[in-house]
Amino acid sequence: MAKFIDQVKIMLKAGKGGDGMISFRREAHVDKGGPDGGDGGTGGNIYFVADLGKNTLLSFYKNKFIIAEDGVKGGPKNLYGAKGKDTIVKVPLGTLVYKNKKIVADVIKENHLYLVAKGGKGGRGNNKFKTSKNTAPRIAENGMPGEKYEANIVLKILSDVGLVGLPSCGKSTLINALSNAKAKVAEYEFTTLVPQLGLVKYYDYSYTIADLPGLIKGASLGKGLGIQFLRHIERCKVVIHIVDFGSLDKDPIQSYEAIQKELESYKLNLTQKPQLVVANKSDLANFKNNIEKFKAKYPNIEIIEISALNYHNVENLKKIIWEFLEKTSHLQIKIEDDFETEVKEINYEPDFVIQKMNQNHFKVTGKKIEELVLKIPINTFDNLMRFNNILKKIGVWEALIKRDIQKGDLVEIYQHKFEWEEEL
């Protein structure tokens, strides 16, 4: 059986955009051919898509670094570089992707591509920089880097119905009887270590059902399999509480109260969810006696009597669950953020920051400056002049002069180092 993993950190790196090209038309009988350097292709994106056959994030343990293909650089004759190939990753339904504590994607639909990392924009070729004043520009741009970050991947099983109960209450037997699931069944506790998903068909209708591993007292505090599985109940529309009413060594009242307490103690108070109580193991002799005791203490709780092993009343239970889902169809699944609420603030970050490292050394940084350095390669005189003009336009040179920069001083702009001249 696959190990159940429902939270993992991975690196995502979308493709870099292809570089633009510097090229000039060179053909026989064509005098003074103009610029024909093409643009680079966009970098590949990374998408997540739901796979109903998956119920664990185990695959990310084997591959914690996911990348997409880079875009191809532009070519001569105005040829555009090809777009980088997208990477599509199959994940369980109910997978959430977090970046810096903010939800990037919530995989809640089938057959839908969820963008989790965007590829970088391709650089422009020199054909795009032709003007009446510069008919032969030796200017091109680098492709921009694709989005890269450490993603926190969290799985919260997405199902119409969630089965809960103490170990060995018969949940696995019931999901097998109700659906197409093939959950492991045995006469010992904690047979279910991985949530099992099944599809229940009721005439022309269907709904999904999840068998969640058995809970024990203190689960809401993390005991046993604990809180790891309680969070999966958050995303179920309806909770079916299975109680063993037939075994001689089980007290159904205590069993019922123990689970209700754990559901109530969880941070979202899961007892507020629509809930059905199912009394299992009606084929055993002690069943009727326990039913009477339970009804005496909880006369207002409606219970559904079944034997999952013998399929007694299972078809009727399918109908009851469907009708219950229909009654609660107006309720929306509440998606709670496991992390701190992010407050959106206006970004007052300046275009650039100047630091005086010593008497003759100035350092220029900033998000806009970094983007400029990445975009413009200093490999031709025209590119250098463009780089210089943009810095001048946004006020970097004026700011350096106000900081009393002198001829010969060093100006460091990320990987570039220049010597200051009096006239720029």
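Just so it is clear, glycine is given a Cβ too, placed from its N, Cα and C backbone atoms.
According to Swiss-Prot, the protein carries these features:
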- 2-158: domain 'Obg' (DOMAIN)
- 159-326: domain 'OBG-type G' (DOMAIN)
- 165-172, 190-194, 211-214, 280-283, 307-309: GTP binding site (BINDING)
- Ser172, Thr192: Mg(2+) binding site (BINDING)
- 344-422: domain 'OCT' (DOMAIN)
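Distance from the CA of Ser172 (Mg(2+) binding site) to the CA of Ser307 (GTP binding site) is 12 Å.
For Lys281 (GTP binding site), applying a Cβ distance below 8 Å and a minimum sequence separation of six or more within one chain yields Gly170, Asp244, Phe245, Gly246, Ser247, Phe287, Ser307, Ala308, Leu309. Summarising the environment of Gly165 (GTP binding site), the number of other Cβ atoms within 10 Å of its Cβ, over all protein chains shown, is 25. Cβ contacts within 10 Å of Ser172 (Mg(2+) binding site), excluding its own Cβ and spanning all protein chains shown: 24.
Within the domain 'OCT' (344-422), the DSSP-based counts of helix, strand and coil residues read 29 helix, 19 strand, 31 coil. Residue pair Ser172 (Mg(2+) binding site) / Gly165 (GTP binding site) shows a Cα separation of 11 Å. Looking at the domain 'Obg' (2-158) alone, the prediction's average pLDDT is 91. Secondary structure from DSSP puts Ser307 (GTP binding site) in a beta strand. Ser168 (GTP binding site) has a Cβ environment of 21 other Cβ atoms inside 10 Å.
Over all protein chains present, the Cβ of Ser307 (GTP binding site) has 21 other Cβ atoms lying within 10 Å.
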